[in-house]
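K.L.:
Pasting a structure here, questions to come.
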Amino acid sequence: MFDFIISVVTIGGIYAIMTLGLNIQAGYSGLLNFGHIAFAGVGAYAVGITHLQGWPIALGLPIGVAAGVLLGWFVARLGKRLAADYWAIATLAVAEILRMIAVNEDWLTGGANGITMIPGLFETLARPWNAVAFMALIVGVVLLVAFFSARLGNGRFGRALRLMREQPALATCLGYNLQSLRTRAVMSSAAVTALAGGLYAHYFNYAGTEFMLAAETFVLWTMLMIGGIGRTAGVLLGVVLVQAVYAAVPFVKDMLNFSSDMAGALRMGMIGLILLVCLMWRREGLLPEKLREPA
Amino acid sequence: MSTNAILEVKNLAKAFAANKVLHHVNFEVKQGEIVGLLGPNGSGKSTLLNIISGFVGPDAGEIRLVGRSIAGMPTYRLVQEGMARTFQLPIMPQKMSVLEVAMAAATDAHGVFSTLFRTARDRAAERRALERARHLLDELLLTRVAHLPASAISGGQKKLLGIVCALMAEPRLLMLDEPTAGVHPNVRNDIVQALHRLNASGVTLVIVEHDMHFIRDACSRCIVLDQGEIVASCRPDELASNARVVQAYLGASVEVAKA
Amino acid sequence: MVQVDQVVAGYTRDVDILNGISLHAASQEIVTLLGPNGCGKSTLLKTIAGYLRPRKGRVQLAGKDVSALAVHQKIRHCSLGFVPQTENIFTALTVRENLLIGGYYQSSAQRQQRIEQLCALYPVLRRKIDAPAASLSGGERQILALGRALMPRPEILLLDEPSAGLSPKVLHEVFDAIVRVREQEGVTILMVEQNAMEAMRISDRAYILSLGTVALTGSTQELVTDPKVRELYMGGRV
Amino acid sequence: QEAIRIGAVLPLTGPSATIGEDMRRGLQLGVERVNANGGVMGKQLALIVEDSANNPTTALTAARKLATVDKVPVVLGEFSSSITLPVAQYLVKEGVVHMNIGSSSTKVRDLGDSAFNLIGLEDAGNRFAAQDVYAMGLRNVAVITPNNAYGQGVSHGFKEEFEKLGGKVAGQILYTGGQSSYRRELQQLARAKPDAYLYSSYGHEAAIINREAKELGLRSQPWYAYIMSMSVSDTPADIAEGQVGMELGASKGELGQAYAQAYNTAFKEGFASVFNGYAYDGVVLIGAAMNQAAGSSAADVQKGLKAVSEQGFTGVTGPIHFDAKGQRTDPPYDKLKLENGKLIPR
Amino acid sequence: MLQFFIDTLMRTSDLALVALGLSMLYGLVKFPNIAHVQYAMVGAFLAYWLYGLGLPLALALVVGAGLTGLITLLVQLLVFDRLLQSGPSIAMIGSLAVSMLLVAIVLGVAGSFPHMFVLPNMEPVLIGDARLSRAQLWMVLTTAVLLVVFLVLLFYTQAGRAMRALASNRALADASGLNASRITNVVTLLSGALAGLGGGMLAISGGAHVNLGHDMLLPVFAAAILGGLGNPIGAVAGAFLIALAETTVTNINFGPMLGESLVFLPASYIGAAAFLILLLALLFKPYGLFDKEVRRV
Ligand SMILES: Nc1ncnc2c1ncn2[C@@H]1O[C@H](COP(=O)(O)OP(=O)(O)OP(=O)(O)O)[C@@H](O)[C@H]1O
Ligand SMILES: Nc1ncnc2c1ncn2[C@@H]1O[C@H](COP(=O)(O)OP(=O)(O)OP(=O)(O)O)[C@@H](O)[C@H]1O
Ligand SMILES: [Mg+2]
Ligand SMILES: [Mg+2]
């Protein structure tokens, strides 16, 4: 059980980092990124490819973050003239194209098999401690990212983003360069998310294409919306809840003695139901964004 | 060309499809003036403002700000050059308080790293913005609603908030699109006062307005636009005696302009 | 025609914007509401139209208590017309389509005829009849909004700042047209105005609101001639 | 009396759900069989099935739960190689026995000590198919397979083996799954004028491919189905009629027939794929291994499996023997054809 | 060439009805309803079930579509009306939840095995040198007829105008006496029925299976977006363009250009082609290809 909890916390932490990243775009800047998982995918594949090519594995994470930021720059450029909904689909398109490249170009990415045997971190430590150390690392990163992202949101940059989110024409007229705001927001968010993706690859010793499916982005969105978009505490709460539900489903199934031919239906149904109940009950998320009081 | 012109517009033309909104618009605004920009509905005043402030590209013509050509410059660059404007129909954000919107209008020091690490520069900018925002909100009677969501204040109050935002930038040239439409008459006087004070501190103003009282109280000169052209440029009290202006713009309200 | 009794209403549960307000407008009267920004004028009109439910008190139109009716029911069945202060046109439609929607329940012949009439009343509409409404200038929008509301020949018209953004000449024309509509079609008009001077010119009575209640009321004559009223509520002019 | 638990991770939702469910049925029948024969060391055998949702993260979480919370000694499954590989890697690292019953990637071979494999991997399958097709006198073949790890393996591997024999692959298409029509892919293949088509596909996708191939008149050439039972499971018999193909060795012999009977009674329909047989064999084998080693720890299972394999074990998919790496030696393949609406050996 | 054209049309008709409904509803409710493709899946199962009960195929499709419309309306009333009060993004995530629930229910009831329609073997029709099945011919024709009907409905009737007015400004539609909720309900019903019909027709060739909705999610959304969300006719044109792009990728032979006999773009990039087209189109027409809306500050 102990091991399982550690792994649930670690995975939750990785998702938390990605969701905090998404929050910088979606929450603060109102940018609907439906291809967000692509940043994580780039991070994961960077680590994987570093391993495949036999480069020092320590280079994986930095390369991943750099590649993520670059992709972020590109995606933000794409949005120069696009309205929110349209940009959302454009990002989805980019993510899908990247995924297809990952599936098809097996000389680089291992093809549909993905890249296996990626070395983990802390593997020199003894059995439970390597997992504990990894969890500690992830929790540390989550706290750091949460702290900085809250700062970003409450500070002057975040305020500019929020004005852009709600009234772009007003923001322009006040002298903000929307394109630059958007680019910087997406790039910061990409950096964080690519880092999480790289850590994912190390943790699971694996980078593959299923991880880059659009459904994964929707998981991130779910976490974001349940907790409360735009608010760091809300985001974290959302991640904890969704991750708890995901982790609990197999146990609930065992507990209620559901026959295993219903296991799949039950898993989907329960997650859908809980999500729906949450949304209906607290429509703005559990911790809705508040008006910020300038200190 | 006079040397102290802050804004020069030469041969400006703009058409939307077949609709020629502006053609051969020529005028200049001198440093320290308060110019009223008048004209019938649909004569292109807002379009002119949109072009000057970089929201809409002109079809032809030249615009100079303090002698520098600004054609094709994006709005945010123009704001850095000291130009600010308000909108005719203000729409305000939902999840930001009035005070926050006002503070957001101070655009300095909003870098990612500066915000992340709360540098001294960031903190100083924040303090300055807060002080100034409080002051301006107070001046335009918005203190009572400063903590409400900016979208939940009344139409007139939004208009005032728009003006506060424009002033936050400490512009050299301020263009107001119908600042008093929907604003209570008493507040109108406050606005006039505030604009005069602003003008005294060196800000040049261009005001689009339909309220002749306001024009008379506030402006030193009027430019009248009709059918895409400038048809008059004179002192406000001379408007009533200009036949073309009366025919196109004032109509039966000519009495008001005279009064 | 319009009777508002002790109405309390607001947007959020805990804040009342209207604090027990009462007023009325007799048949074919033009009544103007004046008051500082944010005192609740628009809120009052929205409550009469049905966007907000009165928490206390009631709203009567033509003698019927309509406090509980939805907006579209009032518009359709109580012969009510309403022009909101902002977002008062359908930007995705053309000018003609805006008018057609205004006359949704008329027969198509009636609609054509009415559009002709309105175009004669407001020539701008004819000039822009097939333009997308989103392209209109501020003043043009205002006229279109009025035209849309007039399409079904309402008996009661609620206007929220109809003059905002109109040039002096057009403002005059619009107000004259309002008076004419009243005379020709017998409409009762309740309007909010900041342009006190012009509004007083055409209205019979006025209410001056303050913080969700009536601070002062009287005939136009009485109010305009009272110097204190002019000083306090009309910017010291008129 | 506590039951002895074993685990499985299967795609019960998502694009491979059909096969996941088919495998689950095999496992279920296997457990029933073992328990009917007296269980494991006098105890009941219990199976915990977790859904992978066709997602590696979910699959790994499920495997973690099985390994660390339920503490099962052995986990069977997944189906997609891209999920089986990370899951198996994790299990081996934890010292849990992994039994592969669905993935054919050759990487399965190198997973480690506690990894076992029951099915023929793609290299063997490709060699078998290439020889079979070549023996049928076909020299110029077009190949259409899904664009995933499995399809890529078949497509590339078959070409290699077939060309080694001297045949030619006229065209290869890796189609994107989940589309409503594959006419365009088929027509592209037809432009290469092959003298036969080799395809492999999942149930309903194959149904579309077969129907459209018929509509487009491509069935005038022979069609060869790779893993035939899976490929024709959802195609109306009159459309697939006359196809030939190969198959991972399906249930056969008396044992196999009894099993097919049991499957039919339990689920009121025939096999949806061959994988249920391997799943069934996996469970029965594990039961035997536990009894053999007289213990139910992972180490016992590992030891037991080796021992049972040495003694010789016959499952519904034929005799099972593991090599030193835990791989089934000489995994069975069958040659089949569809005649009068029935799959029969040829 | 004829075959190329027919392939394109057929793929178009696979996507068009669902995309049309999606886009139409988007116009009113202003959020991309992810569950919309699942309505198609539900429609497929209903049609299969009704056909199994012995209804003639056409009737089964129509009744199935009607029932799907009712289900759609029910979900709209119970769930989305409430969620929409707090904005489009909440509603969108809600639609994701609904989508999962629908899949779970169908999975629980009908299982994961595809259900194939047992149809009499139909000989393909020959049009010129192009071949297609009778069912598909009917599908293309039905789609075309429905499209024309909707075009007329939307742009030439007072009801269509009311719908667009509602989409543009709900509060003002109220102030014009339109019964906003009733119009929304009718449109919801229609869009659900369209999705149901689309799904049912798809199932005729590919069977009714739980992933039917999920599989068409991306292309349908790409089509709706390409045509401009909220513009139903655009959605159909978008579907056509996507189909065209896909067909081009698979069927244009670049061989002659390169001096070889047969050179195709890899078919595995077929999805990428659709998305690439989408990206390019959006870059040049940021609000979809058929956007005519005037935006001014
Ligand atoms: N984006 C656009 N597309 C098409 N036509 C436009 C656009 N913007 C403005 N117009 C047209 O240009 C003309 C001038 O509009 P503008 O808003 O500049 O007028 P204005 O002088 O500000 O009038 P008002 O006093 O009523 O606000 C109007 O007839 C309007 O319909
Ligand atoms: N949508 C809303 N939600 C919450 N509060 C609102 C909303 N709209 C207005 N208010 C509040 O109600 C008060 C009255 O607003 P209202 O619009 O009725 O003012 P008004 O008298 O029409 O002012 P103006 O002349 O500026 O249009 C405002 O102070 C505002 O704070
Ligand atoms: Mg204007
Ligand atoms: Mg108001």
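The backbone N, Cα and C atoms fix where each Cβ goes, and this holds for glycine too.
Computed from a predicted structure; not experimentally measured.
Per TrEMBL, the features are:
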| type | residues | note |
| --- | --- | --- |
| TRANSMEM | E:12-29 | transmembrane segment |
| TRANSMEM | E:34-51 | transmembrane segment |
| TRANSMEM | E:57-80 | transmembrane segment |
| TRANSMEM | E:92-117 | transmembrane segment |
| TRANSMEM | E:137-156 | transmembrane segment |
| TRANSMEM | E:186-204 | transmembrane segment |
| TRANSMEM | E:216-242 | transmembrane segment |
| TRANSMEM | E:262-284 | transmembrane segment |
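Surface or core, plus neighbours and distances: that's what I need for these features.
P.N.:
Residues 9-10, 12-14, 16-17, 20, 24, 125, 163-164, 194, 197, 201, 204, 232-233, 236 of the same chain lie 6+ residues outside the transmembrane segment (E:137-156) yet bring a C-beta within less than 8 angstroms of a C-beta in it.
Within the chain carrying the transmembrane segment (E:186-204), a Cβ under 8 angstroms from the stretch's Cβ atoms is held by residues 13-18, 20-22, 24-25, 28, 36-37, 39-48, 57, 60-62, 64-73, 76, 115, 117, 119, 135, 139, 142, 146, 163, 212-213, 216, all 6 or more beyond its ends.
Beyond its flanks by at least six residues, the transmembrane segment (E:216-242) meets 8-9, 11-12, 14-16, 18-20, 22-24, 26-27, 30, 32, 34, 36-37, 40, 147, 150-151, 154, 167, 202, 271, 274-275, 277-278, 281-282, 287-291 of its own chain at Cβ-Cβ distances under 8 Å.
Listed as Cβ neighbours of the transmembrane segment (E:262-284) (distance under 8 Å, sequence separation of 6 or more from its ends, same chain) are residues 218-219, 222, 225-226, 241-242, 245-246, 248-255.
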K.L.:
Could you tell me what the rest of the chain brings near the transmembrane segment (E:57-80), counting residues at least six beyond its ends with Cβ under 8 Å?
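P.N.:
Beyond its ends, the transmembrane segment (E:57-80) has Cβ neighbours at 29, 31, 33, 35, 39, 42-44, 46-51, 91, 94-95, 98, 117, 119, 184-185, 188-197, 199-201, 204.
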K.L.:
Which sequence positions outside the transmembrane segment (E:12-29), separated from its termini by at least 6 residues, show Cβ-Cβ distances below 8 Å to it?
P.N.:
36-37, 39-40, 76, 80, 84, 91, 139-140, 142-144, 146-147, 150, 154, 163-164, 166-167, 183-184, 187-188, 190-195, 197-199, 201-202, 216, 219-221, 223-224, 227-232, 234-236, 238-240, 242-243
K.L.:
Near the transmembrane segment (E:34-51), which residues from the same chain, at least 6 beyond its ends, have a CB less than 8 A from one of its CBs?
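P.N.:
Distant contacts of the transmembrane segment (E:34-51): 18, 21-22, 25, 57, 59-61, 63-65, 67-68, 71-72, 75, 92, 95-96, 98-99, 102-103, 106, 110, 115, 117, 191-192, 195-200, 202-203, 207-214, 216-217, 220.
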